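Listed in TrEMBL for this protein:
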| type | residues | note |
| --- | --- | --- |
| DOMAIN | 16-276 | domain 'Protein kinase' |
| BINDING | Lys45 | ATP binding site |
| REGION | 562-583 | region 'Disordered' |
| COMPBIAS | 568-583 | compositional bias 'Polar residues' |
Amino acid sequence: MNTHEHESAPDRLGEYLIEKKIGAGGMGSVYLATNIHNDQHVAIKILPSALAREPGFVERFHREIEALKKMHNPYVIEFYDSGVENDIYYYVMEYVDGETLTKRLRREKRIDWKTVVNISIQICSALKASHDAGIIHRDLKPSNLILKDDNTVKLADFGVAQLFATEKLTVTGGIIGTAEYMSPEQAEGKRVTRQSDLYSLGAVMYVMLTGRPPFSGKTMLAIIQKQKYGQFDRPGRYVDDLPIWLEEIVCQLLEKEPQKRFPDAYVLSRRLQEVINKYEMSTSDNTYALSGSDDPSVTPTLVQSASEPEAGAGTLMQGLMRAQLESESTGSKLSQIFDNTYFLLGMLAVLIAGGYFWFQERELTPQEMFSQGKQILQQPENPEWYTARDKFLLPLLESDPEQWEEVVQPLMERIKVYEIRSRAGMTAKRRSRTGPLNETQRFMLLAQHYLETGNLTQAEIILSALVDILKENSENADNTKQNEMQDLAQQMLNELQNDSSRTAERFIMLTQSMANADALVNENKFDEAARVWKALIILYEQDQAQVAKDMVQKARQKLETLPALKQAAQTKSDSQKENTNND
C-alpha cells in the first residue's frame, strides 16, 4: 500500500482496510477499501479534517449519508455503513468497477445517440428514485456518473443534495453545483426543484452527444452568466445523424424557465423510449394500420383494402363531410343537455357563487400559509415581504412555534434585514431620493457590491471591521439609525460566515489549484508552479477560514522548498546526461 496516495487517511477505519485513493471532490476524498470479514471491496468517503472544522460541513456530510440511506435503486450507489473514528467522519458505499462518464468522454469525445438514450433512461430512473425520496441531487455531471463496461450507470456523490424537508442548511441562497451543468435558477441562488436536476441531465446529454457542454467560458462567472442569459447551439449542428425527436428533448430540458421543462424524470424517460420507437418505425419497411392505440409513439397510417374499388377524390370528400355533419347533428342525451343554453347559464351561476363562498370562507392550512409566504420571499426585495411576514409567517409562529420556528425563523431574519436596509436608506430608490451617502452607508454598499460580484473575502473584511467600529461607537452614543446599521452589518456578516456553500467552493478552488501546481512541479515547470502558489497567497492570505489559512501556509512552504526542488531536478538531469554520454 502506497501511504503517500492517502496521506490524509488512516490505514484502517472500523472493519475496513484502506488501500488507495480513487477519487476526490469538494466534500471529501474517496478510497478503495476491503472489508476484513468477507474481503469485499468497498468505497469509503472521508470528510477532510479542514472541512470538519468549518461550521455546517459535518451537518452536510450527515445529510449526504441520509440521502444515500433513502436511495434504493439499481442505478444509484448503494450505502453500506458510516461512522466516526478519531474525529474522522466517513461512510462506506458500494464500489463500482468502472469509469466516470468524464473519462469516457475524454477517450471517445462523443457517444452515439442510441447509447446516450440508454444511459439517460437509466439516469432518469435514478433521479426518479431520488426525487420520490424527497432529494434533489443539485450536482448532476459526468464525473458523478460511473459507467460499467456494459454501459450500466451508477449515480454517485450526493454531497450537495438538498432534502426537501431540510430548510435550515439551504436558506443562505448560496450557489452550489458545477457551472457547466447548473440550471439558471441554481446559478441565481434560487430554490431548486426536480426540474433543476432535469436541466443538468439535459446538459449531460448535450455533452455526450456533441463532445462539448452547452455553455462554456474562461471563468465560472462567465459560464453562469451564459446559463442565465445565453443561447446554446442546437445539438444537431454538431451531430449529423441525430434524430429530431431527441434534439427536441435536449432543447426542452435546457429551457431557462423550469416550468417549460418536463414535469418529472418518469415522463422524460417515457419520451426517451419513444425516440427509439419512432426511429425504428421511421426506418422500417412495414406499414401499420390505423389503430385506437393511445401510444403517442405510434404513427397511424390508413391502409385501403385491395378488394374495394378505388374512390375518386370527390367521392371521398363527400363521404367524409356527410359523416361529420351527421355526427354533429346527433348526439347522446347527455350532450344534448349540455348544449342547452339555459342549462349552461345556470351552471355558470352556480360555479361563480360556489367559487365566491369557497374563497371567502375557506381558511388556509398552515402548510398553505407557509408556502404562500415563502413564495413571496422568492421575489426580489419589495414591500410585499411585509405581507408575507404579517399575513402568513407571524401567525404560524404564534399558533405553533414548536413546529414552525425552525423553518420560519430564517425567513423572518431575511425580512428583518430588508426592513433594516430600507429604514437605513440602503435601497436604490431611497438612495436616489436622499442624496449623498454617509460613511457607514458607503462602506455598507461597498461590502454589498463585493458580495454581488463574488469578492466574498473583501466583503467579509469590510463588514467585520465595520461591525467593530459601529459597536464601539454605539457604546458611546445613543443613535437609533447607527444601531440599525450595526444590526444590518452584523446580520450580513453572519450570513456570509455561515454560508457553508461558499466554503465548499473555496475548498474546491484551493485543492484543485494546489494539485495543478504539484502537477507542474512533476513536469519540472517550477516557475509556473510558483505563480500558482503566489496567486493563492495573494487571493487568500486575508481569508479567516481555517481551510484558507492551511492552504496559504502550505503554499508558502512550497515556495520555500522550490530552490531545493529545482536543484534536485537539475542534478537528476545532469546525471542522466552523464549516463547517456558514458553509454
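For all residues, glycine too, the Cβ spot is worked out from N, Cα and C.
It should be emphasised that the depicted structure is a prediction, and the values quoted were computed from it without experimental measurement.
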Local Cβ density at the residue listed as 'ATP binding site' - other Cβ atoms counted within 10 Å: 26
Taken over the domain 'Protein kinase' (16-276), the model's mean pLDDT: 84
Helix, strand and coil totals (DSSP H, G, I; E, B; other) for the compositional bias 'Polar residues' (568-583): 15 helix, 0 strand, 1 coil
